[in-house]
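These notes concern the structure reproduced below.
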Amino acid sequence: MSFIMKLHRHFQRTVILLATFCMVSIIISAYYLYSGYKQENELSETASEVDCGDLQHLPYQLMEVKAMKLFDASRTDPTVLVFVESQYSSLGQDIIMILESSRFQYHIEIAPGKGDLPVLIDKMKGKYILIIYENILKYINMDSWNRSLLDKYCVEYGVGVIGFHKTSEKSVQSFQLKGFPFSIYGNLAVKDCCINPHSPLIRVTKSSKLEKGSLPGTDWTVFQINHSAYQPVIFAKVKTPENLSPSISKGAFYATIIHDLGLHDGIQRVLFGNNLNFWLHKLIFIDAISFLSGKRLTLSLDRYILVDIDDIFVGKEGTRMNTNDVKALLDTQNLLRAQITNFTFNLGFSGKFYHTGTEEEDEGDDCLLGSVDEFWWFPHMWSHMQPHLFHNESSLVEQMILNKKFALEHGIPTDMGYAVAPHHSGVYPVHVQLYEAWKKVWNIKITSTEEYPHLKPARYRRGFIHKNIMVLPRQTCGLFTHTIFYKEYPGGPKELDKSIQGGELFFTVVLNPISIFMTHLSNYGNDRLGLYTFVNLANFVKSWTNLRLQTLPPVQLAHKYFELFPDQKDPLWQNPCDDKRHRDIWSKEKTCDRLPKFLVIGPQKTGTTALYLFLVMHPSILSNSPSPKTFEEVQFFNRNNYHRGIDWYMDFFPVPSNVTTDFLFEKSANYFHSEEAPKRAASLVPKAKIITILIDPSDRAYSWYQHQRSHEDPAALKFSFYEVISAGPRAPSELRALQKRCLVPGWYASHIERWLVYFPPFQLLIIDGQQLRTDPATVMDEVQKFLGVLPHYNYSEALTFDSHKGFWCQLLEEGKTKCLGKSKGRKYPPMDSDSRTFLSSYYRDHNVELSKLLHKLGQPLPSWLRQELQKVR
């Protein structure tokens, strides 16, 4: 019995212990279950102890994920649609700066509070490959109709959205972003950021290490996400302000950029919690453009860097290199080769100044020449004179021969094919004598300049080819002849470091596939800022990007450049007097006054020669001298004559006796339908007035055909007019060529609109060719008013109708007349009815478009056009 009682008590004790254990287990499990739930929704205090080196413990799902598959990006044009708050907004300008630096096409719209979206689709093709909102709230709060249209477009064409959240209040904000399953906190200060290495977004950016320190600004927005459809890209810790919301964990990591993977609604989005002032945000922005465009808007990861050291042997005492500086240059070159493949400093010398420093500096000169094979070399000018100051080629040749003789005496290679002019003088604006002398003495194939098309902004710098010399853009790096001491750097040493570490110099490398950097001898003596700059730049680029840095010899580099940018081969000449820097490095013997104030652009066979005769009758209007090679017309803007340069062009014009009252002009009737002429003309003479004459395009086509017959064109003699204009695509090439010259210039609206892309409407005068033929005095009064030329010339008294010739002529003294030559006003059989009917139908749509354009411009319809439009009804 006692045994049974003992067993019973033991059993009770065991049950109580088990029950107690179960209760404790339940309590512990409940505690950890609750803690786990809380950790998923609020970033716990433990997160503050986590560093970027231990990313797997961060409170986000950081496993590698796959975003929505992008659609075929070829279904859209490679153009970015950018919605900005205003055309002057700071963030909007930063966005445009990156797009322009990357040479991506874009279209700007002011983000509408209400109203219609721009047209998104044209002929079943999407107009935009990517949409960027400077203020993402304008996208989120869009009215439902336009939002559904935009989202439908994005889904159908696989178009992504990039947006920036801008806080409007000064206090810390916390709210749910409309339509998105996560919370955001605004107006925060953050620090210590790192990159999610699993983000599918990053390409240029390397997830390497923690970026310690405070991030710029106190207006940051951070995202608290807990959904597999959203992936953080960058994290940062929230700093602890006094008014920090209780829901924000102190020192916790939050996302400052998130990637909506498109799993929810089929649209991928990248949302930024701040502007682009922070360099890492700017880098991710570049990657986001590449990713969301299906890599159609992307640059290669290869970066070619050439570091020029100008002014070798030049410089006053105390600023030059000594032996230790030269040894440091060699050591650093070897060091840089570990990070920049084939890195070699490129030394530009002026032999006249050899051994003109202190004794130690002269020894430095000798040390350089003793290591001549370790570097690349290029000629500066012998005496460091600016080439534009030499007015004849022979003087330039003499200077170059002296420098070449020095090179040969000291074993400096003379076959690199590269040269740089002091202060970039003579390269652009072009000093032809420099190009010719370079070819004769050095056989130069490449040079570089920071002046084309202008020094600033640097992102607009381009290359071109002239006289078979390839001209590449040159970049500055913040080092000039006077920047030789670290502590005395303009703005303080931090300014140089900021440029290197995510600033201007860093992004020069990121955004330019090829960079030729200008430095100077003085940057490698004293504090050796040149070495400091490029060692630290290479380290920073390697640490934070996946870019592949390398160096090529100059000629190879130039060929690589024009492989990447073949559209830059043709130069675009500008007026040197419109840029003070250009004017300063342009010969004082030249003048911009010899550029025309207006152009008569054609088209051919509309009466342009008659207009020319009437214009030169005016005492204040002067024309170009005739060209013996192109039927008296200069034909500069539309032909290869353009590559002869502006000196060649201006030589056709006289120097005006009075710049204010004299009007220079030229007539080249082929300009009208030229693809290149409008852009070229607008670049060189942007304020020039443009005059065109329009007659019935059917009559113009027939007149051109007869003109070609009179010049014994084989196709015109062989085929009838109707056979020419109605020829099919399989017709002989010579017949198709004649057909094109007959018909295409008559597409009046298309050609005028091309000119209006580059010239404002008030600079364009459209003359009714039929009225010019019947009432030239009235037309010439209109022309004088349009040009603003004085004194007013009375054409009613100066013109007389020649009934024998059939057109108006200039009335001279004693009743004599001056008329157009025998080739003008030629009579020929009337056009056959079949051809007239064919052309009336062919030009119908073109004439309708012309009427719409003239109505839009507020210009009257010519009488012939009104007659043609009546046939349309």
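Cβ from N, Cα, C; glycine included.
Annotated in Swiss-Prot:
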BINDING   K605, T606, G607, T608, T609, S703, K824, G825, R826, K827, Y828  3'-phosphoadenylyl sulfate binding site
DISULFID  C809-C819  disulfide bond
REGION    36-589  region 'Heparan sulfate N-deacetylase 3'
REGION    590-873  region 'Heparan sulfate N-sulfotransferase 3'
TOPO_DOM  1-13  topological domain 'Cytoplasmic'
TOPO_DOM  35-873  topological domain 'Lumenal'
TRANSMEM  14-34  transmembrane segment
Nearest recorded site to C819 (disulfide bond) by CA-CA distance, among binding-site residues K605, T609, Y828: T609
Going along the chain, which residues six or more apart from K605 (3'-phosphoadenylyl sulfate binding site) have their CB under 8 A from its CB? A669, I695, R700, S703, W704, H707
Between G607 (3'-phosphoadenylyl sulfate binding site) and C809 (disulfide bond), how far is it from one CA atom to the other, in Å? 13
Integer Å distance between the CA atoms belonging to Y828 (3'-phosphoadenylyl sulfate binding site) and C809 (disulfide bond): 21
Tell me the Cβ neighbour count for T609 (3'-phosphoadenylyl sulfate binding site), meaning other Cβ atoms within 10 Å of its Cβ, over all protein chains shown. 20
Which chain-mates of Y828 (3'-phosphoadenylyl sulfate binding site) that are at least 6 residues away have a CB under 8 A from its CB, listed by sequence? Q706
